[in-house]
Amino acid sequence: MEGKFEGDMGSHNHNPCVEIAMEIHKVETPPKRSSLQKISNRLKETFFPDDPLRQFKGQSTKQKWILAFQYIFPILQWGPHYNLNLLKSDVVSGLTIASLAIPQGISYAKLANLPPIVGLYSSFVPPLVYAVLGSSRDLAVGPVSIASLLMGSMLRQEVSPTLDPILYLQLAFTSTFFAGLFQASLGFLRLGFIIDFLSKATLIGFMAGAAIIVSLQQLKALLGITHFTKEMGLVPVMSSVFHNTKEWSWQTILMGFCFLVFLLVTRHISIKKPKLFWVSAGAPLLSVVVSTLFVFVFKAQHHGISVIGKLEQGLNPPSWNMLHFHGSHIGLVLKTGVITGIISLTEGIAVGRTFAALKNYQVDGNKEMIAIGAMNVVGSTTSCYITTGAFSRSAVNHNAGAKTAVSNIIMAVTVMVTLLFLMPLFQYTPNLVLGAIIVTAVVGLIDLPAAYQIWKVDKFDFVIMLCAFFGVIFISVQEGLALAVGISIFKMVLQMTRPKTVVLGNIPGTDIFRNKHQYKDAVTVPGFLILSIQAPISFANSNYLNERILRWIQDYEEEETKSHSDLRFVILDLAAVSAIDANGVMFFQELRRVLEKKGVELVLVNPVGEVMEKLQKADGTHELLQPNNLYLTVGEAVSSLFSSMKVVSC
């Protein structure tokens with residue numbers, strides 16, 4: 001029967017001299033390429049998978065220059081087509097996110113142990129830079145909780161923000177400079193794949209752990225404690241809370257609890273009804289206004305309610321002279337810059353891509369890295385600390401109907417007006433309301449549905465997630481992250497060094513071969529051991545593969561005494577082997593010699609271009625790639641070899 005095996009190949013009832021007809025296709029040799037062409041193609045696929053130069057093909061010189069400027073400055077691409085209708089939408093969304101950015105900026109700066117005014121500075125300059133260089137229409141730029149926490153916890157290990165505030169501020173700006181330089185370098189050198197080492201499981205665990213640590217830190221403000229631990233772990237924080245019960249202020253607790261409940265309720269309303277996004281967007285600013293008026297009218301600062309105090313008025317002062325490139329702390333700022341840079345970059349790009357997918361447009365990852373890096377480099381010279389695209393503000397920006405990055409410009413202008421004229425109004429803002437705003441913002445970072453999904457899909461990833469979570473809570477923020485990344489890399493190395501190999505069987509009545517463990521109907525073909533290798537073969541796994549295949553052969557030989565069927569052929573399906581190195585070539589040669597001593601033939605099926613090419617170069621005696629040992633499909637190999645077995649037996 002053409003194209004199918006005649007009956008069950010495991011059966012011995014059919015005529016042994018019947019020849020199974022099937023057309024045998026030749027395995028083609030890949031076209032020859034020079035070493036320079038191979039290297040060029042590999043570099044292109046590694047660093048330029050998106051082929052950014054394709055838009056310049058066939059264009060005039062003038063048009064190429066225009067496209068180049070539009071590529072570097074995306075605002076030149078959509079700016080000429082901007083109109084009044086787009087402006088109306090962007091003004092509404094810009095004012096909306098400004099109402100959220102102002103209280104969050106002040107709150108997150110305190111989380112990083114920086115003066116509150118620095119948080120507002122960081123909501124003014126970076127959004128303007130991003131509006132020119134960024135490719136996302138929805139990303140709302142500013143300080144974020146996790147990067148603020150990381151910077152605060154890492155810098156405070158060596159420098160006290162209270163005992164030496166000037167040096168601490170210098171280190172914060174310098175860390176921001178290095179973070180931006182690192183981020184922009186990743187974009188320029190097209191090394192964005194580095195941030196892919198932060199897996200989804202790692203990020204979910206890290207974000208959840210950091211959210212809990214951030215929330216626990218706010219107990220100082222929400223309880224009115226003055227002597228609070230500087231450590232970030234769960235145990236020292238809770239110990240500090242309960243060892244200082246005498247400092248608890250019932251006025252602070254009552255007021256803080258009321259605002260926290262109000263903010264959580266407004267957040268819940270906006271989640272349930274996205275059209276009411278303005279409820280949660282305006283709630284933080286409303287809380288700041290109401291609490292400030294309450295403190296001012298009732299003189300609550302004299303009754304146990306701590307306030308921000310006087311804030312400087314005016315735009316960002318230059319800070320390029322505060323960048324600290326020498327001394328004993330250079331290692332600290334480099335480490336802080338790289339870690340906060342990676343975390344903020346990962347968050348910003350993930351947020352940008354999320355909303356781009358909702359609106360069906362693309363975000364260029366490398367351009368985003370350059371944009372985020374540039375705004376942090378510029379920010380570090382204008383009294384700003386680390387910024388990126390925040391999920392909460394971007395969600396509000398998206399729901400408010402933002403059409404372009406002009407919404408960031410509107411937000412920045414609103415912050416500018418606040419810096420110039422409204423700063424005295426924040427003098428009586430209580431710290432407790434800032435703590436409540438932070439808790440409400442970071443609660444959304446705890447993603448229980450995603451954690452449950454990871455548990456269902458991959459238990460190893462769930463363990464990685466738990467390591468990140470408990471590492472952040474019980475050890476430290478940066479060490480918990482490092483632990484999770486380390487385990488993720490270990491998992492990747494484990495998958496590389498222990499590739500999956502499966503035994504294939506024939507689906508009765510067809511020429512299809514599938515995993516016998518997955519397809520219970522698949523049957524063994526007498527005299528054949530058919531294996532599928534499902535990973536590239538390299539120095540890291542060639543020894544394991546050799547041992548594993550020999551073990552498969554031993555298992556077959558143990559069973560053959562029961563079935564009275566001698567092993568004649570070992571067929572390796574190489575369709576999933578995308579690459580091979582010198583050790584991999586030696587693996588095939590050694591395996592062929594071992595099998596030859598046992599009287600067993602090694603047959604290769606469907607080697608891809610690179611694998612075929614390297615095997616040909618190494619097979620000088622043409623013993624490995626003989627025509628009767630190389631086939632396009634497993635079905636053709638079994639059909640041809642099974643027919644030759646029958647002819648011999650006849």
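Each residue, glycine too, has its Cβ placed from N, Cα and C.
What TrEMBL says about this protein:
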type     : residues : note
DOMAIN   : 518-641  : domain 'STAS'
TRANSMEM : 167-189  : transmembrane segment
TRANSMEM : 201-228  : transmembrane segment
TRANSMEM : 248-265  : transmembrane segment
TRANSMEM : 277-298  : transmembrane segment
TRANSMEM : 369-392  : transmembrane segment
TRANSMEM : 404-426  : transmembrane segment
TRANSMEM : 432-450  : transmembrane segment
TRANSMEM : 462-490  : transmembrane segment
Within the same chain, where does the transmembrane segment (462-490) have neighbours whose Cβ lies under 8 angstroms from its own Cβ atoms, ignoring anything closer than 6 residues to its ends? I mean 6 or more beyond. 149-150, 153-154, 197-199, 201-206, 208-210, 212-213, 232-235, 339, 343, 451, 454-455
Can you name the far-off residues of the same chain, 6+ from the ends of the transmembrane segment (369-392), with a Cβ under 8 Å from a Cβ of it? 100, 104, 109, 112, 114, 118, 121-127, 129-130, 133-136, 139-144, 147-148, 151, 172-177, 179-188, 192, 316-320, 323, 340-341, 344-345, 347-349, 351-352, 441, 444
Lying 6 or more residues past either end of the transmembrane segment (248-265) yet within Cβ distance under 8 Å of it, the residues of that chain are 221-225, 280, 283-284, 287, 291, 294, 300, 303-306, 430, 432-433, 435-437, 439-440, 443
Mind checking which residues reach the transmembrane segment (167-189)? Cβ under 8 Å, same chain, six or more beyond either end. 47, 112-115, 118, 151, 154-156, 159-161, 195, 319, 322-325, 329, 332-334, 336-338, 340-342, 344-345, 366-381, 383-386
Please spell out the DSSP helix, strand and coil residue counts for the domain 'STAS' (518-641). 59 helix, 21 strand, 44 coil
